[in-house]
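*Asks:* Structure below; questions to follow.
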Amino acid sequence: MASTGEPDRKRRHFSSISPSEAAAAVKKQPFFWPSSEDKLDTAVLQFQNLKLSQKLEAQQVECSILEDKLSQIKEKQLPYNSSLKTVHKSWEKLTASVESCSVRVSDSSSGAHRFVNKEDGSSPAVKNDFINRLLETGATESSSSNICSNQMEENGVNTSSQMTQTLYNLVAATEDLRCLKDELYPTVLRTNLGKDLCGQLALSELESEIKSFRGDLDDVLVKFKSLSRELQSHRDADAKVRVDLKRIRGELEDEVVELQQCNGDLSALRAERDATAGAFFPVLSLGNKLATSDRERDKQRDLQDMETVLKELTVLASGRLQQLKNLHEERTKMLGKMSNLQNKSKSVRCISSSQACLSLKDQLEKSKEAVFQYMALLEKLQVEKDSIVWKEREINIKNELGDVSRKTSAVTDSRMASLDSEIQKQLDEKMRIKTRLGNISRERGRKEIFADMKALISSFPEEMSSMRSQLNNYKETAGGIHSLRADVQSLSGVLCRKTKEYEALQLRSADYASQLGDLNATVCDLKNSHEELKLFLDMYKRESTDARDIAEAKEQEYRAWAHVQSLKSSLDEQNLELRVKAANEAEAVSQQMLAAAEAEIADLRQKMDDCKRDVAKHSDILKSKHEEHGTYLSEIQTIGSAYEDIVPQNQQLLLQVTERDDYNIKLFLEGITSRQMQDTLLIDKYIMDKDIQQGSAYASFLSKKSSRIEDQLRFCTDQFQKLAEDKYQKSVSLENLQKKRADIGNGLEQARSRLEESHSKVEQSRLDYGALELELEIERFNRRRIEEEMEIAKKKVSRLRSLIEGSSAIQKLRQELSEFKEILKCKACNDRPKEVVITKCYHLFCNPCVQKLTGTRQKKCPTCSASFGPNDIKPIYI
């Protein structure tokens with residue numbers, strides 16, 4: 001803006017606007033000075049506070065709504081918790097029943113005899129592999145381990161231990177049955193050996209079938225392992241999906257934060273726009289109008305850009321929500337597949353009803369029939385086997401007799417050589433121990449070290465007591481010095497008192513001396529007056545007198561006066577004599593007192609000198625004692641430091657002593673051990689000698705036994721009969737074993753039926769648990785969707801509120817702009833803008849209206865009717 005006058009005229013021009021219009025403008029729009037553009041008006045702050053309070057109330061209402069929804073969801077979850085508890089209880093009952101069944105099976109099978117075939121060593125490995133696979137895949141725990149509660153996680157260890165125990169019991173029972181079969185197989189093979197080739201072929205076929213059965217079982221286990229791996233992969237995929245969900249949620253939260261920041265920027269821009277709209281005075285120039293229009297265009301452009309970004313973000317958020325829905329559906333499908341796979345892998349019925357298991361059962365029945373056939377063949381082959389065995393025994397006895405003699409001689413020779421080498425080693429060890437003991441005995445004895453240490457330790461208290469006595473003496477001497485100091489102080493006090501008395505006596509003697517001087521002066525005056533009187537008398541005697549009467553009268557007068565004077569002088573002399581006597585007596589007394597005081601002062605000075613000498617002596621003694629005390633303290637410190645140095649040395653010596661003791665104890669123990677070893681070696685040597693004697697006796701015994709072999713052959717027939725009886729006993733024991741086998745089979749069938757029932761219950765409970773988990777997961781997903789929809793609705797509401805607030809602000813700005821335009825219009829015509837100012841009253845009008853007024857005679861202002869001339873009209877530029 002360019003005005004026509006000085007600053008005072010500008011101020012008048014500003015004040016030319018009517019006060020009502022200015023008040024209305026202030027009420028409608030807050031006023032900002034150009035120097036405080038960053039400050040807000042109180043009205044704007046109140047308006048913002050009101051908005052914030054409204055937002056807070058809305059957020060409180062939303063929080064209360066969300067809390068109600070959360071309480072409703074918790075109430076919905078209560079029946080699920082009770083159902084989960086019932087499922088856990090049923091699962092615990094089922095595991096307890098399975099464990100009891102396995103314990104009964106293991107107890108029933110514990111009496112059976114176990115025999116492991118060395119040729120087929122795969123059965124324990126298969127058992128351990130089967131149990132490890134079951135435990136690795138989590139067959140003993142719930143199928144959804146990722147979603148289970150904290151209580152299931154806490155009780156998982158106990159349940160897993162119980163299930164492992166039950167599995168071990170079941171596998172042990174099956175292993176007992178297998179061992180029994182493996183025990184029966186060699187007996188059958190021995191009985192039927194060499195009887196029939198067809199039997200051998202059947203046995204080989206049976207063996208191959210059993211091996212194929214085992215291979216099928218291994219294949220089943222491999223399939224089970226593959227299924228468990230697939231299940232684990234599905235679990236890993238589920239975990240990955242959850243991680244992706246978390247990541248997507250984090251991205252959504254970041255985007256929400258960005259949106260909130262954008263909303264904050266929008267609100268800040270709007271506040272700046274409001275501030276800039278109200279920061280300038282309504283009377284603006286054309287350049288400012290263009291600048292504000294450009295700013296409004298820029299802000300509108302920014303708003304449009306932000307709206308487009310917001311739309312893109314909403315589209316992206318909807319796409320992410322759709323992805324989340326798809327992922328949730330895939331996850332539910334995967335959970336269903338996982339539950340089906342787990343049920344298939346953990347159900348005994350499926351395994352038992354599989355084709356491989358049925359074929360194995362058929363093969364097992366066929367093998368049982370073949371076993372019974374081969375039992376009959378075994379009975380036939382037993383007789384031939386006995387004859388062959390007797391012949392083999394005869395040959396073996398002959399061979400063994402020769403081998404025994406050779407082996408005994410070789411064993412005795414090797415044993416003798418080993419014993420000689422061990423004896424030599426023990427002798428070397430004994431010599432080494434003796435040398436070590438001799439070296440130890442040469443070293444300084446322990447008693448001498450202890451005696452030195454005791455003497456050193458006993459000398460310390462004596463030295464300390466002597467030092468303490470010296471310190472006590474020093475303390476006593478220091479106490480005597482203190483008493484002497486007290487005596488000196490008392491004597492110095494007495495001396496001061498005597499000196500004060502001496503000064504007082506000196507003052508008195510000075511007074512007496514002054515009095516004596518006064519008396520002497522008076523005596524001198526009297527003597528002078530007496531001489532003057534004598535002179536006067538001589539003068540009067542020499543004077544010449546005319547008449548004799550006058551002379552006589554004068555003589556009488558003079559005589560009388562002389563008599564009076566003589567009386568006076570005599571009186572004065574007497575008084576003076578009395579006073580002189582008194583003064584002399586007082587002087588004598590004072591002289592005596594002074595002499596006594598001087599004597600006392602001399603005595604006190606002598607005593608003081610003696611005390612000073614004593615003090616000097618004692619101070620010298622004290623200094624020497626202090627020096628000695630310092631030396632003693634330094635010696636004590638050196639002794640203390642030496643004692644402190646000696647203490648660690650003493651500790652080191654004690655440690656060395658303890659180490660020596662430990663070393664001596666070790667040597668003693670080593671000596672004991674060496675003695676024990678020597679004793680054991682002597683005992684072994686004695687035993688070896690006995691063994692050698694026994695070997696020689698055994699050789700003689702074998703030589704005798706060779707002569708008795710013929711006698712033993714005679715008894716072979718008797719032994720044959722005994723063997724027949726043993727055969728009968730073995731057949732009886734075989735029948736008993738078959739009965740036990742039948743009982744075990746019945747118990748196993750019962751255990752299998754119970755196990756199938758328990759597995760069916762477990763499967764049913766797992767299915768119910770899986771369904772409940774699916775429902776719970778769906779409920780959680782729905783809850784999350786509702787929460788996300790609520791957040792989206794909140795964002796929409798906030799966006800709509802911001803749009804509504806922005807539209808209301810734009811309307812206000814437009815109204816204010818129209819008002820400013822009306823203010824800038826001419827008040828005379830209300831059509832054209834203000835272009836001219838009248839400098840008399842500083843009112844603004846358009847140029848045509850002013851020209852009309854100048855054309856008339858009465859040139860007066862239309863607003864204030866003030867007269868003006870053509871020179872008072874000045875143009876302005878807005």
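Even glycines carry a Cβ here, placed using N, Cα and C.
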*Asks:* When you get a sec, could you say which of 48-76, 715-743, 773-801 is annotated coiled coil by Swiss-Prot?
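*Replies:* Going through 48-76, 715-743, 773-801 one by one, Swiss-Prot flags 48-76 as coiled coil.
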*Asks:* Given the ranges 346-385, 666-705, 826-865, which one is assigned the annotation zinc finger in Swiss-Prot?
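*Replies:* The range carrying the zinc finger annotation in Swiss-Prot is 826-865.
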*Asks:* Across the coiled coil (48-76), what does the pLDDT come to on average, as a whole number?
*Replies:* 70
*Asks:* In the zinc finger (826-865), how many residues does DSSP call helix, how many strand, and how many coil?
*Replies:* 9 helix, 8 strand, 23 coil
